[in-house]
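As annotated by TrEMBL, compositional bias 'Polar residues' applies to 1-11. The region 'Disordered' feature in TrEMBL is assigned to 1-47. For Glu134, the entry in TrEMBL reads active site, proton acceptor. The feature domain 'Radical SAM core' is assigned by TrEMBL to 140-383. Per TrEMBL, the feature [4Fe-4S] cluster binding site maps to Cys154, Cys158, Cys161. Marked as S-adenosyl-L-methionine binding site by TrEMBL: Gly209, Glu210, Ser243, Ser266, Leu267, His268, Asn345. The annotation active site, S-methylcysteine intermediate is assigned in TrEMBL to Cys388.
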Amino acid sequence: MTSDQRNTNTAGGDEPETGITEGGTDGAFRDVLSRDHARRGKPPVHFADMTPEERIAAAKELGLPKFRVSQLANHYYGHFDVNAEEFTDFPAAKREAAARMFFPELIHEVTRQVADEGTTIKTLWRLFDGSLIESVLMRYPTRTTLCISSQVGCGMGCPFCATGKLGLTRNMSAGEIVEQVRIAAKMMRDGEVAGGPGRLSNVVFMGMGEPMGNYRSVLSAVRQISAAPPEGFGISARNITVSTVGVVPGIKKLAAEGIPVRLAVSLHAPSDQLRDELVPMNRRFDTTAVLDAAHDYFLASKRRVSIEYALMRGINDQAEHARLLAKRLNHYGDNWAHVNPIPLNPIEGSKWTASKPEDEQRFLDILHAAGITATLRDTRGQDIDGACGQLAARGKDLVAKDLAPQKDVAA
Ligand code: SAH
Ligand code: SF4
């Protein structure tokens, strides 16, 4: 069996999976659909990319019986361990071959930046093809959250977002996504994060990329993160958040999976007129379509949906915007959504900046008065560009050629 044949539950196929059909009118989505992405090689196939049957077949190739796969799963998901050379419960003569077959290095640490007294750690990773991505680990008194990337760059073109400025290079494989989680879980267990040994409790898909543009790999990752060991890391699906720009078919598909993950929808504007400008994807799936889908997700999952709202000074942070947002959410009933306003993290060269504190407060007050729960999201890691929308894998001093072209896809 070739590695290509095994590569069925990663991005897979000749076409890049986007979850989005052709039909963008202004070029902002052409990037997402470009066939160039498919021509780039695929990441090595990893244990986390294989179905149970594929794992058994690969083991057989090495002359190993089925039960050895269960041992590997126990090492990987139960102990966050890929160092097969040291698996003492494994036949010594097969360890090296097993390491090569199942655990190729998919993400290589390039740099680690630390902030907030060692409780926020942003890691820059290099992938097999030189692509750079980032993840951010944030430890709080009662939980530890890892923010992970699902694509190299992003093709959705939101003009206020650093990742959006990069354009899309490619989808990440399930293995590349899951490895971010395994390594963070191991760091927590081994006490590498200030505060001593602990447990990774939450995962949010709020790093680089649009999860719904890489649906299959993201879903595979969600299952592996949430399944109990030895099938997965055992991080409750309720503690996993998938954040989307509002790709309606993706939201519907996710609702039908019946997994209790939390959905976050990046709304950022209460009207189509304004959202068309801030979120180009709104021209494909408008505010009504997105809110309908978000509310359906709430009905299907019984989990409150998070509405993400980056407050931009003078743009979307005025009283009229808060009132319209409240009206549009209350249209569907009470208590189904939770609004997460976040002061914009200004990115280089952007004309937008963060709201004034008094405007932020007024925005919250108006939502609260309308019976809507809303909490200002904290902006951890701002000083290391680890905050939302600031992930742009700035590795220019390292390998400039590996960076995605710096084009403004929203222009
Ligand atoms: N593509 C997905 C998930 C990654 S972005 C999405 O858009 O939802 C994660 C969150 O960060 C989104 O809510 C996004 O709108 C927000 N974000 C992007 N740029 C930001 C910025 N400069 N300041 C604050 N939030 C930002
Ligand atoms: Fe992509 Fe999300 Fe950034 Fe928009 S906000 S460009 S969808 S990562």
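Quick reminder: no glycine exception, Cβ is built from N, Cα and C everywhere.
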Using a 10 Å radius around its CB, how many other CB atoms surround His268 (S-adenosyl-L-methionine binding site)?
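The answer is 28.
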Check the Cα-Cα distances from Glu210 (S-adenosyl-L-methionine binding site) to the recorded positions Glu134, Cys154, Cys158 and tell me which is shortest.
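Of all the candidates listed, Cys154 is nearest in space.
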Which residue, out of the binding-site residues Cys154, Cys158, Cys161, Leu267, shows the minimum number of other Cβ atoms inside 10 Å of its Cβ in this structure?
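Among the binding-site residues Cys154, Cys158, Cys161, Leu267, the lowest count of other Cβ atoms within 10 Å belongs to Cys158.
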Using DSSP reduced to three states, classify His268 (S-adenosyl-L-methionine binding site) as helix, strand or coil.
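Reduced to three states, the DSSP call for His268 (S-adenosyl-L-methionine binding site) is coil.
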Measure the Cβ-based neighbour count of Gly209 (S-adenosyl-L-methionine binding site), defined as the other Cβ atoms within 10 Å of its Cβ.
29
For Cys154 ([4Fe-4S] cluster binding site), find which of the recorded positions Glu134, Gly209, Ser243, Ser266, Leu267, Asn345 come within 10 Å, Cα to Cα.
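Correct set: Gly209.
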Please identify which of Ser243, Ser266, Asn345 has the densest Cβ environment, defined as other Cβ atoms within 10 Å, among these binding-site residues.
Ser266
Between C-alpha atoms, which of these recorded positions comes nearest to Asn345 (S-adenosyl-L-methionine binding site): Glu134, Cys158, Cys161?
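Going through Glu134, Cys158, Cys161 one by one, the closest to Asn345 (S-adenosyl-L-methionine binding site) is Cys161.
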Of the binding-site residues Ser243, Leu267, His268, which one has its Cα closest to the Cα of the residue listed as 'active site, proton acceptor'?
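Comparing Cα positions, the candidate nearest the residue listed as 'active site, proton acceptor' turns out to be Ser243.
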With the cut-off set at 10 Å between Cβ atoms, which of these recorded positions ends up with the most neighbours? Options: Glu134, Glu210.
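Result of the Cβ crowding comparison: Glu210.
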Ligand 2: which of the binding-site residues Cys154, Cys158, Leu267, His268, Asn345 have a Cβ closer than 6 angstroms to it?
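From Cys154, Cys158, Leu267, His268, Asn345, counting a Cβ under 6 Å from ligand 2 as near, the near ones are Cys154, Cys158.
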Rounded to an integer, what is the Cα-Cα distance in Å between Cys161 ([4Fe-4S] cluster binding site) and Ser266 (S-adenosyl-L-methionine binding site)?
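Cys161 ([4Fe-4S] cluster binding site) to Ser266 (S-adenosyl-L-methionine binding site), Cα-Cα distance: 12 Å.
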What average pLDDT does the predicted model assign to the domain 'Radical SAM core' (140-383)?
96
Using DSSP and collapsing to three states, where does Cys154 ([4Fe-4S] cluster binding site) fall: helix, strand or coil?
coil
